[in-house]
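Working notes for the structure below.
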Amino acid sequence: MTSLRQRKGSKGKDPGPSVQNLKPDCTAEPRERFATGGFSWWTILCVMTGSTVGISLGLLCCIYVATLHENDLWFSNIKEVEREISFRTECGLYYSYYKQMLKAPSIQQGLYELIHDNTTESKRTINILQRMNIYQEVFLSILYRILPIQTYLEPIYFYIYTVFALQTVYVIALFITSWLLSDSWLAGALSGVWYILNRVDTTRVEFTISLRENWSIPFFALQVAAITCYLRPQLKPIHQRVILWLVFVSTFCFCLTWQFNQFVLLVQALIIFTLDCLDFLTTEQVVSLYLMQVLSLLLVWLLQFCNSMILGSLVLSFIVSALFIKHFQTGLKTGGFVIRVGKLALHTLLVLTLTFTINYSAKKILQLKSDEHIFKFIKAKFGFGATRDFDASLYLCEEAFGLLPLDTFERLAGTVLLYPYLCTLSVLFILLLLVALSNLSTNGSGQASKEKEDRTFRMRPDVAYNLLHTVFFGLLAFSTMRMKYLWTGHMCPFAAFGVCGKEVWSLYLRVLHCNTKTMMRLIRYSVPIVILAFLYYKFWPRLMEEISELREFYDPDTVELMEWIRLKTPKRAVFAGSMQLLAGIKLCTGRVLTNHPHYEDQALRERTRQVYQIYARQSAEEVHKVLCSVGADYIVLEDSICYERRHSRGCRLRDLLDLANGHIMDGPGENEPDLILATHPRFCEAIKTDMTPYSTLFTRVFKNKTFHVYKLKKLKKKNKAENGP
């Protein structure tokens, strides 16, 4: 539908990575000086230099994606309706609430309309603030009202610039993480450059601006940076409390802005649980991090008007179970290796058993079905669920929810990110296993603590956390491509840490028997500089070419449809159609919808499946009955769906509907033996013949090359009585 066209006219021996051995150089952050409070002018100069580089890279990334967005769409020169159409699928739905808040007579009235919304789902009044994560739109609309910027900055620019500005926050967070891990701001510089050069795999913000992940992932990166700082050794108690507040604030912002927060936090909770079992974290650290997650989720639960999906989340059940079992299972970290492994196995089994018991009970008590489609998808993806389930199949057939494509690694290798990442990952993972085995071989006594300090191989808890973070989210990215943005962003600081940190290089130099301070310094600072020089030489001309390529938004059929709806239909008219298109109709025209792309509601999913019968093999009477039951006045049929060729057989929307209805699919190919031949033609094709009974129940009122709009004829009571039993 939407397309882009070329715009006219464009064209001694180092004892290891101990803190005490750091010297004040221009790229190091002396951890010892932070601990003792002794700052020299040289240290302050180094921190100022690193901070300037980090902020500059963040601003560069923000300007870069904003320029790409402008050049791809010629956003400043197109009409308002075209700008709004560029907010694709669910992005348009979220932006519509920002627009709605600004159009309201007052902030109070705008909030009331969101809490008592009757335009998003026909014949229903729903609380948008409870159902969806749109507090960011509410906050921005209020901010735009009170700031004196209305005269020189349009609302839509205020919105998109805010999202692009979050990319600055994201890059700075990655910069800080790599700086903390490696004690060198050169690592932060390398991390920021890698993030920008791997834009295709690290973000999609320039063409999916309103997507929830573009709001939340920057806060998640901030949280990882705060956790990294919190887990650093020799941090004073007062500093720990301050950093914990930063962890809480960033976790809360992350949870408030994305409905999938619970699944991301579950992975993070599993990381903390693993580090606790392997004796990398203290009990205080584990409990504190768990509590930050719980408090953030509960605060979001309150702000979302007691959204039951949060209380029924697996992560809350897991954290409660982990803390409960940990409290009562005393002596977990005592005994020999075999005994401790046995205790950990029992501990893990008890925690998982209690987790699923609590979660099952909570969902039964709350009658929660909002997230069951996600678990259906997970079960079907790994071969444990029904493959004909419509909701699960919608996800399974989308490329974004498939396995990570192999060409991703080719692109990452092209920017020299993959090689140091794999080297760092393999070396540190082996080191983690050795340290974990050593930890499990001790009995947790005071003598054992002294033994830990005297070991040849050690691993800092902040390094261990980031290692497991990249492993766990890497596995998640491998299984589901859409989740790669949680992994690829973190790859950048992790690989930069491997290049600039002492941990990996000290192991390599020990093997080569040349582990001297001079050699360590030479390698740590020369290698990143060489890599940065190479990246500049190879990619700077490409970046300049990319941002000089000018295109233009071009989608006349959708523009024509939106203009017709806005001018020719009643303001309270109800429209039925595909989820993606209806989100745009709500944004551009403000009309009432039957369904929409925010899929986290069981009743809405069932209604969507019913409305989608317009693309199935159903009789005109049955489709008319279904549409009338949801209050539809108009239906919009799309040729791109009715005659879809983008997906292969079995994954086209019409195929999913046929399978769910028990019908044989179109075209040559195998069918399961229990499927039957449908007795009716496909509705979206047959209605275009204008034959009875289609002409009796529907009237075509609009048509162009892409869309066909039909108005439902309301049956009179007399006709209903005559056609009755």
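Each Cβ is built from the backbone N, Cα and C atoms, and glycine gets one as well.
The following features are taken from TrEMBL:
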COMPBIAS  1-10  compositional bias 'Basic residues'
REGION    1-25  region 'Disordered'
TRANSMEM  39-66  transmembrane segment
TRANSMEM  243-275  transmembrane segment
TRANSMEM  295-325  transmembrane segment
TRANSMEM  337-358  transmembrane segment
TRANSMEM  418-442  transmembrane segment
TRANSMEM  463-481  transmembrane segment
TRANSMEM  487-510  transmembrane segment
TRANSMEM  522-540  transmembrane segment
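When the stretches 39-66, 337-358, 418-442, 522-540 are ranked by Cβ pairs under 8 Å to the transmembrane segment (487-510), first place goes to 418-442. Only residues 6 or more beyond the boundaries of the transmembrane segment (522-540), in the same chain, are considered here, and those with a CB under 8 A from a CB of the stretch are 27, 184, 186-187, 189-190, 193-194, 197, 415-416, 496, 499-502, 505, 509. Within its own chain, the transmembrane segment (418-442) has Cβ neighbours under 8 Å at 278-280, 336-337, 340-341, 344, 409, 412, 448, 451-452, 455, 457-459, 463-464, 467-468, 470-471, 491, 494-499, 503-504, 507-508, counting only residues six or more beyond its boundaries.
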